[in-house]
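The Zn(2+) binding site annotation in Swiss-Prot covers Cys29, Cys209, His234, Glu238. The ATP binding site annotation in Swiss-Prot covers Lys270 and rests on sequence analysis. As annotated by Swiss-Prot, motif ''HIGH' region' applies to 31-41. Per Swiss-Prot, the feature motif ''KMSKS' region' maps to 267-271.
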Amino acid sequence: MSLTVYNTRTRKKEPFVPVNPQSIKMYVCGPTVYNLVHIGNARPVVVFDVLFRVLKTLYPEVVYARNITDIDDKIMKAAKENGESISALTARFTEAYIEDMAALHNLPPSIAPKATAHIEPMIAMVAALVEKGHAYEADGHVLFDVQSMKNYGKLSNRALEDMLDGARVEVADYKRYAGDFVLWKPSADDEPGWASPWGRGRPGWHLECSAMIETHLGNTIDIHGGGRDLIFPHHENELAQSECAHGGEEYVRYWMHNGYVNIDGEKMSKSLGNFRTVRDLLQQYHGETIRFALLSAQYRSELDFSVSLLDQSKAGLDTLYGALKNAPATSTDAVDLSDNAGYLALLDDLNTPQVIAELHRLAKIVNKNEGQEAAIAAAQLQALGGLLGLLQQEPEAWFKATTSGSSELSAEDIEQLIVERKDAKLAKNYARADEIRKELTEKGIALEDSASGTSWKRI
(Lines of atoms letter the chains of each structure in order from A and count residues from 1; the text may use other names and numbers.)
(Lines give C-alpha, C1' and ligand atoms only; values in the text may rest on other atoms or scores of the structure.)
Protein backbone atom coordinates (compact mmCIF):
# COMPACT_ATOMS: atom_id res chain seq x y z
CA MET A 1 0.00 0.00 0.00
CA SER A 2 1.81 3.12 -1.23
CA LEU A 3 1.09 6.62 -2.46
CA THR A 4 1.38 7.54 -6.14
CA VAL A 5 1.51 11.18 -7.28
CA TYR A 6 1.79 12.99 -10.59
CA ASN A 7 5.16 14.75 -10.76
CA THR A 8 5.09 17.90 -12.91
CA ARG A 9 8.87 17.66 -13.29
CA THR A 10 8.77 14.23 -15.00
CA ARG A 11 5.22 14.63 -16.39
CA LYS A 12 4.10 11.21 -15.14
CA LYS A 13 2.67 9.46 -12.10
CA GLU A 14 5.32 8.05 -9.80
CA PRO A 15 5.43 6.07 -6.56
CA PHE A 16 6.08 8.45 -3.67
CA VAL A 17 9.52 7.69 -2.20
CA PRO A 18 10.34 10.28 0.50
CA VAL A 19 13.76 11.68 1.28
CA ASN A 20 13.33 10.58 4.90
CA PRO A 21 10.35 8.32 5.70
CA GLN A 22 10.50 9.45 9.33
CA SER A 23 9.72 13.07 8.46
CA ILE A 24 7.94 14.18 5.29
CA LYS A 25 8.56 17.78 4.19
CA MET A 26 5.87 19.56 2.15
CA TYR A 27 5.59 23.20 1.10
CA VAL A 28 2.69 24.98 -0.62
CA CYS A 29 2.74 28.55 -1.87
CA GLY A 30 0.37 30.69 0.19
CA PRO A 31 -1.28 34.04 -0.52
CA THR A 32 0.06 37.52 -1.13
CA VAL A 33 -2.03 39.27 1.52
CA TYR A 34 -3.29 42.46 -0.12
CA ASN A 35 -6.96 41.49 -0.55
CA LEU A 36 -9.45 38.72 0.20
CA VAL A 37 -8.64 35.36 -1.38
CA HIS A 38 -10.78 34.07 -4.24
CA ILE A 39 -12.03 30.56 -4.87
CA GLY A 40 -9.08 29.84 -7.17
CA ASN A 41 -6.69 30.58 -4.28
CA ALA A 42 -8.65 28.18 -2.09
CA ARG A 43 -8.33 25.17 -4.38
CA PRO A 44 -4.64 24.41 -3.69
CA VAL A 45 -5.21 24.89 0.04
CA VAL A 46 -8.00 22.30 0.03
CA VAL A 47 -6.15 19.90 -2.30
CA PHE A 48 -2.93 19.89 -0.29
CA ASP A 49 -4.83 19.76 2.98
CA VAL A 50 -6.22 16.43 1.77
CA LEU A 51 -2.71 15.30 0.85
CA PHE A 52 -1.52 16.40 4.32
CA ARG A 53 -4.22 14.23 5.91
CA VAL A 54 -3.36 11.24 3.72
CA LEU A 55 0.38 11.53 4.37
CA LYS A 56 -0.31 11.53 8.12
CA THR A 57 -1.90 8.07 7.77
CA LEU A 58 1.29 6.76 6.16
CA TYR A 59 4.20 8.43 7.97
CA PRO A 60 5.04 9.23 11.62
CA GLU A 61 5.68 12.94 10.97
CA VAL A 62 4.59 15.33 8.24
CA VAL A 63 5.90 18.90 8.33
CA TYR A 64 3.68 21.07 6.15
CA ALA A 65 4.65 24.68 5.52
CA ARG A 66 2.38 27.19 3.77
CA ASN A 67 3.78 30.69 3.60
CA ILE A 68 2.36 34.19 3.85
CA THR A 69 3.82 36.70 1.38
CA ASP A 70 3.66 39.98 3.30
CA ILE A 71 6.00 42.10 1.18
CA ASP A 72 5.22 42.68 -2.49
CA ASP A 73 4.61 45.55 -4.92
CA LYS A 74 0.87 44.72 -4.95
CA ILE A 75 0.80 45.06 -1.16
CA MET A 76 2.58 48.41 -1.32
CA LYS A 77 0.13 49.67 -3.94
CA ALA A 78 -2.94 48.50 -1.99
CA ALA A 79 -1.70 50.05 1.26
CA LYS A 80 -1.11 53.37 -0.46
CA GLU A 81 -4.56 53.32 -2.09
CA ASN A 82 -6.21 52.42 1.23
CA GLY A 83 -4.26 55.00 3.20
CA GLU A 84 -3.05 52.45 5.74
CA SER A 85 0.30 51.04 6.75
CA ILE A 86 1.62 47.91 5.08
CA SER A 87 1.74 46.12 8.43
CA ALA A 88 -1.92 46.96 9.15
CA LEU A 89 -3.05 45.84 5.69
CA THR A 90 -1.12 42.56 5.74
CA ALA A 91 -2.23 41.77 9.31
CA ARG A 92 -5.88 42.35 8.34
CA PHE A 93 -5.80 40.18 5.24
CA THR A 94 -3.66 37.49 6.87
CA GLU A 95 -6.29 37.15 9.59
CA ALA A 96 -9.07 37.04 6.98
CA TYR A 97 -7.20 34.35 5.04
CA ILE A 98 -6.72 32.18 8.12
CA GLU A 99 -10.41 32.56 9.02
CA ASP A 100 -11.60 31.75 5.49
CA MET A 101 -9.38 28.68 5.15
CA ALA A 102 -10.52 27.41 8.56
CA ALA A 103 -14.14 27.89 7.45
CA LEU A 104 -13.37 25.53 4.54
CA HIS A 105 -12.33 22.90 7.14
CA ASN A 106 -8.60 23.04 6.38
CA LEU A 107 -6.17 21.96 9.07
CA PRO A 108 -3.63 24.62 10.01
CA PRO A 109 -0.21 23.93 8.45
CA SER A 110 2.65 22.88 10.71
CA ILE A 111 4.42 26.15 9.89
CA ALA A 112 3.09 29.39 8.38
CA PRO A 113 6.24 31.44 7.73
CA LYS A 114 6.03 35.10 6.75
CA ALA A 115 8.38 36.50 4.14
CA THR A 116 9.40 39.57 6.17
CA ALA A 117 10.68 37.33 8.97
CA HIS A 118 13.21 35.75 6.60
CA ILE A 119 15.13 38.69 5.14
CA GLU A 120 18.49 37.51 6.54
CA PRO A 121 18.37 34.06 4.88
CA MET A 122 17.21 35.74 1.66
CA ILE A 123 20.23 38.05 1.66
CA ALA A 124 22.51 35.09 2.46
CA MET A 125 21.11 33.12 -0.50
CA VAL A 126 21.62 36.06 -2.88
CA ALA A 127 25.20 36.44 -1.64
CA ALA A 128 25.84 32.73 -2.25
CA LEU A 129 24.47 32.98 -5.80
CA VAL A 130 26.67 36.01 -6.56
CA GLU A 131 29.72 34.22 -5.15
CA LYS A 132 29.04 31.10 -7.24
CA GLY A 133 28.64 33.12 -10.45
CA HIS A 134 24.90 32.60 -10.83
CA ALA A 135 23.87 36.19 -10.05
CA TYR A 136 25.11 39.70 -10.83
CA GLU A 137 24.52 43.26 -9.67
CA ALA A 138 23.16 45.83 -12.12
CA ASP A 139 21.65 49.26 -11.55
CA GLY A 140 21.04 48.61 -7.85
CA HIS A 141 19.43 45.23 -8.56
CA VAL A 142 20.79 41.72 -8.13
CA LEU A 143 19.63 39.38 -10.89
CA PHE A 144 19.81 35.64 -11.42
CA ASP A 145 21.71 34.74 -14.58
CA VAL A 146 19.49 32.07 -16.14
CA GLN A 147 22.13 31.22 -18.76
CA SER A 148 24.50 30.19 -15.97
CA MET A 149 22.30 27.15 -15.25
CA LYS A 150 22.60 24.59 -18.02
CA ASN A 151 19.27 22.89 -17.39
CA TYR A 152 17.20 26.00 -16.60
CA GLY A 153 13.65 25.29 -17.73
CA LYS A 154 13.60 21.64 -16.69
CA LEU A 155 10.44 22.03 -14.59
CA SER A 156 8.29 23.76 -17.21
CA ASN A 157 10.02 21.84 -20.01
CA ARG A 158 10.70 24.97 -22.04
CA ALA A 159 13.69 26.24 -23.96
CA LEU A 160 15.08 29.62 -22.86
CA GLU A 161 13.78 31.45 -25.95
CA ASP A 162 10.27 30.00 -25.57
CA MET A 163 9.99 31.19 -21.97
CA LEU A 164 9.92 34.83 -22.95
CA ASP A 165 6.67 34.48 -24.92
CA GLY A 166 3.54 35.38 -22.96
CA ALA A 167 5.09 34.86 -19.53
CA ARG A 168 5.42 37.27 -16.62
CA VAL A 169 8.94 38.36 -17.56
CA GLU A 170 9.93 41.93 -16.70
CA VAL A 171 11.76 43.76 -19.49
CA ALA A 172 14.62 45.97 -18.28
CA ASP A 173 17.74 47.50 -19.89
CA TYR A 174 19.97 46.49 -16.99
CA LYS A 175 19.47 42.76 -17.63
CA ARG A 176 22.20 40.80 -19.42
CA TYR A 177 19.49 38.53 -20.81
CA ALA A 178 15.76 39.26 -20.98
CA GLY A 179 14.91 36.11 -19.00
CA ASP A 180 17.10 37.00 -16.02
CA PHE A 181 14.98 37.58 -12.94
CA VAL A 182 15.28 39.85 -9.91
CA LEU A 183 16.60 38.46 -6.64
CA TRP A 184 16.94 41.81 -4.88
CA LYS A 185 15.62 45.23 -5.88
CA PRO A 186 16.34 48.75 -4.58
CA SER A 187 13.76 50.52 -2.40
CA ALA A 188 12.94 54.22 -2.55
CA ASP A 189 12.94 56.19 0.71
CA ASP A 190 9.16 55.90 1.03
CA GLU A 191 9.16 52.15 0.33
CA PRO A 192 9.88 49.28 2.74
CA GLY A 193 13.47 48.11 2.58
CA TRP A 194 16.29 46.38 4.42
CA ALA A 195 20.04 46.99 4.50
CA SER A 196 22.04 44.63 2.27
CA PRO A 197 25.48 44.41 0.62
CA TRP A 198 23.83 45.88 -2.50
CA GLY A 199 22.15 48.78 -0.76
CA ARG A 200 18.79 49.24 0.89
CA GLY A 201 16.20 47.12 -0.86
CA ARG A 202 13.71 44.28 -0.74
CA PRO A 203 13.50 40.71 -2.07
CA GLY A 204 12.21 39.60 -5.44
CA TRP A 205 9.08 37.46 -5.63
CA HIS A 206 10.78 34.09 -6.23
CA LEU A 207 13.49 34.44 -3.59
CA GLU A 208 11.08 34.46 -0.67
CA CYS A 209 9.85 30.86 -0.96
CA SER A 210 13.36 29.48 -1.48
CA ALA A 211 14.63 31.13 1.70
CA MET A 212 11.64 30.01 3.79
CA ILE A 213 11.97 26.42 2.58
CA GLU A 214 15.71 26.40 3.29
CA THR A 215 15.12 27.80 6.79
CA HIS A 216 12.31 25.51 7.90
CA LEU A 217 12.49 22.38 5.74
CA GLY A 218 16.08 22.10 4.48
CA ASN A 219 17.77 22.08 1.09
CA THR A 220 15.71 19.19 -0.30
CA ILE A 221 12.00 18.67 0.32
CA ASP A 222 9.61 15.92 -0.68
CA ILE A 223 6.67 17.85 -2.14
CA HIS A 224 6.18 21.38 -3.43
CA GLY A 225 2.61 22.27 -4.36
CA GLY A 226 0.67 25.12 -5.87
CA GLY A 227 -1.56 26.14 -8.73
CA ARG A 228 -0.63 25.35 -12.32
CA ASP A 229 -0.15 29.07 -13.01
CA LEU A 230 2.92 29.04 -10.74
CA ILE A 231 4.92 26.49 -12.76
CA PHE A 232 6.51 29.29 -14.78
CA PRO A 233 8.02 31.60 -13.86
CA HIS A 234 7.67 31.25 -10.08
CA HIS A 235 8.46 27.60 -9.45
CA GLU A 236 10.96 27.40 -12.30
CA ASN A 237 12.88 30.30 -10.78
CA GLU A 238 12.59 28.97 -7.25
CA LEU A 239 14.12 25.70 -8.40
CA ALA A 240 16.92 27.49 -10.27
CA GLN A 241 18.05 29.75 -7.44
CA SER A 242 17.81 27.04 -4.76
CA GLU A 243 19.70 24.35 -6.67
CA CYS A 244 22.38 26.80 -7.79
CA ALA A 245 22.77 28.17 -4.25
CA HIS A 246 23.22 24.63 -2.92
CA GLY A 247 25.69 23.33 -5.50
CA GLY A 248 23.15 21.50 -7.65
CA GLU A 249 21.53 19.62 -4.75
CA GLU A 250 17.98 18.52 -5.64
CA TYR A 251 15.46 21.11 -4.44
CA VAL A 252 12.16 19.24 -4.71
CA ARG A 253 11.54 15.54 -5.28
CA TYR A 254 7.87 15.84 -6.37
CA TRP A 255 6.28 18.93 -7.89
CA MET A 256 2.47 18.87 -7.74
CA HIS A 257 0.14 21.41 -9.34
CA ASN A 258 -3.64 21.75 -9.33
CA GLY A 259 -5.72 22.85 -12.33
CA TYR A 260 -7.50 26.16 -12.83
CA VAL A 261 -10.91 27.10 -11.46
CA ASN A 262 -13.37 28.43 -14.04
CA ILE A 263 -16.64 30.16 -13.19
CA ASP A 264 -19.68 28.97 -15.15
CA GLY A 265 -17.41 27.73 -17.94
CA GLU A 266 -15.36 30.93 -18.21
CA LYS A 267 -11.97 31.86 -16.82
CA MET A 268 -12.38 33.73 -13.54
CA SER A 269 -11.33 37.38 -13.85
CA LYS A 270 -12.25 40.77 -12.44
CA SER A 271 -12.87 42.11 -15.96
CA LEU A 272 -15.58 39.49 -16.59
CA GLY A 273 -17.22 40.28 -13.27
CA ASN A 274 -17.16 36.62 -12.18
CA PHE A 275 -14.50 37.03 -9.51
CA ARG A 276 -15.73 35.14 -6.42
CA THR A 277 -14.05 35.58 -3.06
CA VAL A 278 -14.27 32.81 -0.48
CA ARG A 279 -15.73 35.29 2.00
CA ASP A 280 -18.59 36.17 -0.37
CA LEU A 281 -19.33 32.49 -0.98
CA LEU A 282 -19.38 31.80 2.76
CA GLN A 283 -22.23 34.29 3.06
CA GLN A 284 -24.37 31.92 0.99
CA TYR A 285 -22.95 28.42 1.48
CA HIS A 286 -21.50 26.34 4.28
CA GLY A 287 -17.72 26.00 4.13
CA GLU A 288 -18.12 22.22 3.91
CA THR A 289 -20.32 22.62 0.82
CA ILE A 290 -17.66 24.78 -0.86
CA ARG A 291 -14.98 22.25 0.09
CA PHE A 292 -17.03 19.36 -1.32
CA ALA A 293 -17.41 21.31 -4.59
CA LEU A 294 -13.65 21.92 -4.81
CA LEU A 295 -13.00 18.19 -4.36
CA SER A 296 -15.59 17.08 -6.91
CA ALA A 297 -13.00 17.03 -9.71
CA GLN A 298 -9.58 15.38 -9.64
CA TYR A 299 -7.12 18.08 -8.58
CA ARG A 300 -5.16 18.20 -11.86
CA SER A 301 -8.33 18.78 -13.89
CA GLU A 302 -9.87 22.17 -14.47
CA LEU A 303 -12.85 22.75 -12.19
CA ASP A 304 -16.00 24.45 -13.45
CA PHE A 305 -17.29 26.19 -10.34
CA SER A 306 -20.97 27.17 -10.44
CA VAL A 307 -24.14 27.57 -8.40
CA SER A 308 -25.26 24.25 -9.85
CA LEU A 309 -22.11 22.54 -8.54
CA LEU A 310 -22.62 24.08 -5.10
CA ASP A 311 -26.25 22.95 -5.01
CA GLN A 312 -25.21 19.41 -6.04
CA SER A 313 -22.53 19.46 -3.32
CA LYS A 314 -25.07 20.53 -0.68
CA ALA A 315 -27.43 17.75 -1.80
CA GLY A 316 -24.58 15.22 -1.68
CA LEU A 317 -23.65 16.22 1.86
CA ASP A 318 -27.31 16.07 2.90
CA THR A 319 -27.40 12.47 1.68
CA LEU A 320 -24.20 11.50 3.50
CA TYR A 321 -25.10 13.25 6.74
CA GLY A 322 -28.60 11.78 6.48
CA ALA A 323 -27.11 8.29 6.48
CA LEU A 324 -24.94 9.11 9.50
CA LYS A 325 -27.91 10.61 11.34
CA ASN A 326 -29.85 7.35 11.10
CA ALA A 327 -26.86 5.07 11.73
CA PRO A 328 -26.19 3.18 14.98
CA ALA A 329 -23.81 4.94 17.36
CA THR A 330 -20.23 4.14 16.36
CA SER A 331 -16.60 5.20 16.77
CA THR A 332 -14.01 5.83 14.04
CA ASP A 333 -11.05 5.20 16.37
CA ALA A 334 -10.29 1.66 15.19
CA VAL A 335 -11.53 1.87 11.60
CA ASP A 336 -9.31 0.05 9.09
CA LEU A 337 -9.47 1.68 5.66
CA SER A 338 -6.46 -0.11 4.20
CA ASP A 339 -8.57 -2.16 1.75
CA ASN A 340 -11.26 0.45 1.22
CA ALA A 341 -11.74 1.51 -2.41
CA GLY A 342 -11.99 5.17 -1.42
CA TYR A 343 -8.74 5.15 0.53
CA LEU A 344 -6.98 3.35 -2.33
CA ALA A 345 -8.33 6.04 -4.69
CA LEU A 346 -6.76 8.70 -2.47
CA LEU A 347 -3.43 6.89 -2.68
CA ASP A 348 -3.78 6.99 -6.48
CA ASP A 349 -2.86 10.66 -6.96
CA LEU A 350 -5.78 11.92 -4.85
CA ASN A 351 -8.62 10.66 -7.03
CA THR A 352 -11.28 12.50 -5.05
CA PRO A 353 -14.22 11.82 -7.44
CA GLN A 354 -13.76 8.09 -6.79
CA VAL A 355 -13.58 8.76 -3.06
CA ILE A 356 -16.88 10.64 -3.20
CA ALA A 357 -18.43 7.74 -5.12
CA GLU A 358 -17.27 5.40 -2.34
CA LEU A 359 -18.79 7.67 0.30
CA HIS A 360 -22.16 7.37 -1.44
CA ARG A 361 -21.76 3.57 -1.67
CA LEU A 362 -21.15 3.37 2.07
CA ALA A 363 -24.14 5.65 2.74
CA LYS A 364 -26.39 3.25 0.80
CA ILE A 365 -25.16 0.34 2.94
CA VAL A 366 -25.95 2.32 6.09
CA ASN A 367 -29.44 3.18 4.83
CA LYS A 368 -30.30 -0.39 3.75
CA ASN A 369 -29.02 -2.24 6.81
CA GLU A 370 -29.24 -2.27 10.58
CA GLY A 371 -27.03 -3.35 13.45
CA GLN A 372 -23.38 -4.25 13.01
CA GLU A 373 -23.26 -3.98 9.21
CA ALA A 374 -24.71 -0.47 9.28
CA ALA A 375 -22.40 0.53 12.15
CA ILE A 376 -19.26 -0.65 10.31
CA ALA A 377 -20.26 1.14 7.10
CA ALA A 378 -21.07 4.33 9.04
CA ALA A 379 -17.68 4.26 10.77
CA GLN A 380 -15.93 3.83 7.42
CA LEU A 381 -18.06 6.59 5.92
CA GLN A 382 -17.08 9.04 8.62
CA ALA A 383 -13.40 8.00 8.66
CA LEU A 384 -13.05 8.23 4.88
CA GLY A 385 -14.93 11.53 4.88
CA GLY A 386 -12.48 12.77 7.48
CA LEU A 387 -9.58 12.27 5.06
CA LEU A 388 -11.36 14.68 2.73
CA GLY A 389 -12.05 17.06 5.62
CA LEU A 390 -15.76 16.22 5.43
CA LEU A 391 -18.47 14.66 7.63
CA GLN A 392 -16.90 15.67 10.93
CA GLN A 393 -19.93 17.56 12.28
CA GLU A 394 -22.74 15.98 14.22
CA PRO A 395 -25.47 15.26 11.61
CA GLU A 396 -27.97 17.19 13.71
CA ALA A 397 -25.70 20.25 13.64
CA TRP A 398 -25.26 19.97 9.85
CA PHE A 399 -28.97 20.03 9.18
CA LYS A 400 -29.54 22.94 11.54
CA ALA A 401 -26.57 25.09 10.54
CA THR A 402 -26.92 28.49 8.88
CA THR A 403 -24.44 30.31 6.66
CA SER A 404 -22.47 33.32 7.92
CA GLY A 405 -24.50 35.84 5.93
CA SER A 406 -27.83 34.11 6.30
CA SER A 407 -31.09 35.88 7.03
CA GLU A 408 -32.64 32.48 7.84
CA LEU A 409 -34.45 31.80 11.09
CA SER A 410 -32.11 31.06 13.97
CA ALA A 411 -32.27 27.72 15.78
CA GLU A 412 -33.74 29.53 18.79
CA ASP A 413 -36.53 31.07 16.65
CA ILE A 414 -37.34 27.67 15.15
CA GLU A 415 -37.46 25.96 18.55
CA GLN A 416 -39.75 28.71 19.82
CA LEU A 417 -42.14 28.19 16.88
CA ILE A 418 -42.11 24.43 17.49
CA VAL A 419 -43.11 25.02 21.12
CA GLU A 420 -45.84 27.41 19.96
CA ARG A 421 -47.08 24.77 17.50
CA LYS A 422 -47.11 22.13 20.24
CA ASP A 423 -49.12 24.45 22.51
CA ALA A 424 -51.56 25.18 19.66
CA LYS A 425 -52.13 21.45 19.12
CA LEU A 426 -52.69 20.90 22.85
CA ALA A 427 -55.27 23.70 22.75
CA LYS A 428 -56.84 22.00 19.70
CA ASN A 429 -56.00 25.08 17.61
CA TYR A 430 -55.02 22.93 14.63
CA ALA A 431 -55.34 25.81 12.17
CA ARG A 432 -52.56 27.70 13.99
CA ALA A 433 -50.44 24.54 14.24
CA ASP A 434 -50.76 23.98 10.48
CA GLU A 435 -50.01 27.65 9.86
CA ILE A 436 -46.74 27.37 11.80
CA ARG A 437 -45.71 24.23 9.88
CA LYS A 438 -46.46 26.01 6.59
CA GLU A 439 -44.53 29.09 7.69
CA LEU A 440 -41.50 26.97 8.57
CA THR A 441 -41.72 24.98 5.32
CA GLU A 442 -41.74 28.21 3.32
CA LYS A 443 -38.58 29.25 5.14
CA GLY A 444 -36.82 25.98 4.32
CA ILE A 445 -37.46 24.14 7.58
CA ALA A 446 -38.79 20.57 7.54
CA LEU A 447 -40.52 19.21 10.66
CA GLU A 448 -40.67 15.55 11.60
CA ASP A 449 -43.12 14.49 14.31
CA SER A 450 -42.52 11.31 16.29
CA ALA A 451 -43.49 9.76 19.60
CA SER A 452 -40.49 11.42 21.25
CA GLY A 453 -41.34 14.90 19.97
CA THR A 454 -40.68 17.11 16.94
CA SER A 455 -37.30 17.36 15.20
CA TRP A 456 -36.35 19.72 12.38
CA LYS A 457 -33.79 20.32 9.67
CA ARG A 458 -33.02 22.89 7.01
CA ILE A 459 -33.86 21.83 3.45
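Just so you know, glycine gets a Cβ as well, placed from its N, Cα and C.
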Mapped DSSP class for Lys270 (ATP binding site), helix or strand or coil:
coil
Please list, for the motif ''HIGH' region' (31-41), how many residues fall into helix, strand and coil according to DSSP.
3 helix, 2 strand, 6 coil
Intrachain residues whose Cβ lies under 8 Å of the motif ''HIGH' region' (31-41), provided they are six or more past its termini:
68-70, 72, 74-75, 77-79, 89-90, 93-94, 96-97, 100-101, 227, 260-261, 263, 268, 275-279, 281, 290, 294, 305
Cβ atoms near His234 (Zn(2+) binding site) (within 10 Å, other residues, all chains):
18
Listed binding-site residues (Cys29, Cys209), ranked by Cβ neighbours within 10 Å, top entry:
Cys209
Spatial separation of Cys29 (Zn(2+) binding site) from Lys270 (ATP binding site) - C-alpha basis, Å:
22
Cβ within 8 angstroms of the Cβ centroid of Cys29, Cys209, His234, Glu238: which residues besides those meet this for the Zn(2+) site?
Trp205, His206, Glu208, Ser210, His224, Gly226, Leu230, His235, Asn237
Sequence gap of 6 or more, C-beta under 8 Å: which same-chain residues meet both conditions with respect to Glu238 (Zn(2+) binding site)?
His206, Cys209, Ser210, His224, Tyr251
Considering every residue in the motif ''KMSKS' region' (267-271), what is the mean pLDDT value?
78
Around the Cβ of Lys270 (ATP binding site), how many other Cβ atoms lie within 10 Å? Please give the count over every shown protein chain.
8
Going by DSSP, is Glu238 (Zn(2+) binding site) sitting in a helix, a strand, or coil?
helix
DSSP on Cys209 (Zn(2+) binding site), three-state: which is it?
helix
